[in-house]
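The following features are taken from TrEMBL:
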| type | residues | note |
| --- | --- | --- |
| DOMAIN | 19-291 | domain 'Kinesin motor' |
| BINDING | Gly102, Gln103, Thr104, Gly105, Ser106, Gly107, Lys108, Thr109 | ATP binding site |
Amino acid sequence: NKSVACSELMMCTASSSDAIKVYVRVRPPSEGTALTDGDQGLCLSVLSSNTIRLHSKPEPKIFTFDYVANMESTQESVFSSVAKNIVESCMNGYNGTIFAYGQTGSGKTFTMMGPSDSDNFTHSLRGVIPRSFEYLFFLIEREKEKAGNGKSFLCKCSFIEIYNEQIFDLLDSASAGLLLREHIKKGVFVDGAVEQVLSSAAEAYQVLTMGWRNRRVASTSMNRESSRSHAVFTITVESMEKNNEIVNIRSSLINLVDLAGSERQKDTHTEGLRLKVTKFPNHSIPVLCVS
């Protein structure tokens, strides 16, 4: 069945210093999938580093993206192609967002986080989010060494879940639904979301692990399944540099997003609240991450 022999996910990045870019990662066939016709049994083929051919009928279609990661692409190469520039732009004072979009099972959580059955964010298969932590703190330490005592950094993070257009704080499992607010200086933000100070990638791992576990607990106790909700991990970076009597303060943030599955309603056989969720346009995500 060509429609299920392979799958793809889209990764979109947006930075205040650059245009929105769209990347595609092609997931290998699921274990146990038999391809009797070799590569001809796949639903698509990668033609180049930015082009794919969809094996549609009656004629195949060709699509072009900013970057295409084939089935052999590693987690490290995906991070380098998709996220590295966004983290660097954050260090230069620009806001950025990275999110993965695709149907359930296309590899969103694996790409963004790593294997779903592991809380170890230091293994070789760790995803974009933990690798972004590592690179960000590497750049911060490098800047500190260059500037000496004249420059300091403050990193804070928040971790929220958006379900049915309601916002929940994954760092405070007892919190009720939170609200979006707009501030003349801060822009759009989540009012009441817990912000934790980070001093290393290891601390960021701990916060990510705690929030992810809260998400799993909430999935059971409140009937919220991860495939039907969005998880947004936001890191705010503030730098202060003293030059003679002048103090320059710069603030920027990165939104790292694991989106809900985007499969068609008729393929999911959902009903009731879950059907209602799939019908909702995701108003909160673009407002929160792009504004």
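Placement of Cβ uses the backbone N, Cα and C atoms for every residue, glycine included.
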For Lys108 (ATP binding site), the number of other Cβ atoms found within 10 Å of its own Cβ: 27
PLDDT averaged over every residue in the domain 'Kinesin motor' (19-291): 80
Lowest local Cβ density among Gln103, Thr109, which the record lists as binding-site residues, within 10 Å: Gln103
Neighbour count (Cβ, 10 Å) for Gly105 (ATP binding site): 16
Among Thr104, Ser106, the one of these binding-site residues whose Cβ has the fewest neighbouring Cβ atoms within 10 Å: Thr104
